[in-house]
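Working notes, structure below.
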Amino acid sequence: MVVKVGINGFGRIGRLVIRNALEAQGVEVVAVNDPFIPLDYMVYMFKFDSVHGRYKGTVEAKDGKLIIAGKPIAVFGERDPASIPWGASGADYVVESTGVFTTIDKASAHLKGGAKKVIISAPSADAPMYVCGVNLDAYDPRRPSISNASCTTNCLAPLAKVIHDKFGIVEGLMSTIHATTATQKTVDGPSNKDWRGGRSVNNNIIPSSTGAAKAVGKVIPSLNGKLTGLSFRVPTLDVSVVDLVVRLEKEATYDEIKAAVKEAVAGPLKGILDYTEDALVSTDFTGNTHSSIFDASAGIALNKNFVKLIAWYDNEWGYSRRVVDLITFVAQKDGNA
């Protein structure tokens, strides 16, 4: 059975969730809401993409609907989530991808329009967070609004799980070298809450805060309080990399760590975590559907208890694929697929 989905917010993640749903199948987007983007502009934005290239299928506007690959998608322009007629369009699940309605209270407004469940494509202060391959066994169908966590948490958590399960993590620090996102400034501008964040992304490396490492403690409770981290925003369009430094409980050679990751890649984390020994750079991972790609040739060990591990992720494409995967999973558990 196909899961019918609505998208609130036709930004980077909203559009790429649709592209991934078309690729992965099993999920059909039947409605889109965005009060700031008219239908003809939606066609243009979906067709052309500076990172992932031109959409190879057909996309057009017809009779007030967005037609992608021959399938009609209802289009709404409501500012209030409670006013979006999801039920009338057949959408059971809603992807909240505006980055605005990220709490349970705000996201749950979608239920008033007929949605059965909301998946927030961002970290949430109070909604339960789920990371595919890590804590889906903790899924509670009774919760109407859930979070897919952040792209960085989706990269870090699977790797941290493998290392923690096999060797134990005493403590760790993470840095993410993160590609540009839509909220950053092209030229220096005002940013009262984050002064450095107001500086031009085009010619700067910008230190920034991130809750991604701490959030791992929410999806892997035994790591709660053991990880924290920061971010450096860099002037690239897509693909980011996690640099994880950990102290291990059990001694392990770097070869033993590589073997543990390989085992997980071939087993329980297949499709989520990947492994490479090739001498790759960031653009080589554009369009990669994995949450995390362990770079075996980039990591180093100081000794058998202290190691630096490197993992890449397409913070747009890989994350959007996990949104689709999470929808598929919860629909099955909810009995709607």
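Glycine residues also receive a Cβ, built from the backbone N, Cα and C atoms like all the rest.
Look at Cys151 (active site, nucleophile): DSSP puts it in a helix. As annotated by Swiss-Prot, active site, nucleophile applies to Cys151, with the evidence given as sequence analysis.
According to Swiss-Prot, the NAD(+) binding site annotation covers Arg12, Ile13, Asp34, Arg79, Asn315, on the basis of similarity to another entry. Within 10 Å of the C-beta atom of Ile13 (NAD(+) binding site) sit 25 other C-beta atoms, taking all shown protein chains into account. A helical conformation is recorded for Ile13 (NAD(+) binding site) in the three-state DSSP classification.
The D-glyceraldehyde 3-phosphate binding site feature in Swiss-Prot is assigned to Ser150, Cys151, Thr152, Thr181, Thr210, Gly211, Arg233. According to DSSP, Gly211 (D-glyceraldehyde 3-phosphate binding site) sits in a coil region rather than a helix or strand. In the structure as shown, the Cβ atom of Gly211 (D-glyceraldehyde 3-phosphate binding site) sits within 10 Å of 17 other Cβ atoms.
Secondary structure at His178 (site 'Activates thiol group during catalysis'), as computed by DSSP, is strand. Positions annotated as site 'Activates thiol group during catalysis' by Swiss-Prot, on the basis of similarity to another entry: His178.
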Which of Ser150, Thr152, Thr181, Asn315, all binding-site residues, has a Cβ with the fewest other Cβ atoms inside 10 Å: Thr181
Arg233 (D-glyceraldehyde 3-phosphate binding site) as reference: those recorded positions from Arg12, Ile13, Asp34, Arg79, Cys151, His178 with C-alpha within 10 Å of it: His178
Least surrounded among the binding-site residues, given as Arg12, Arg79, Arg233, when other CB atoms within 10 Å are counted: Arg79
Among Arg12, Ile13, Asp34, Arg79, Asn315, the record's NAD(+) binders - longest CA distance, Å: 27
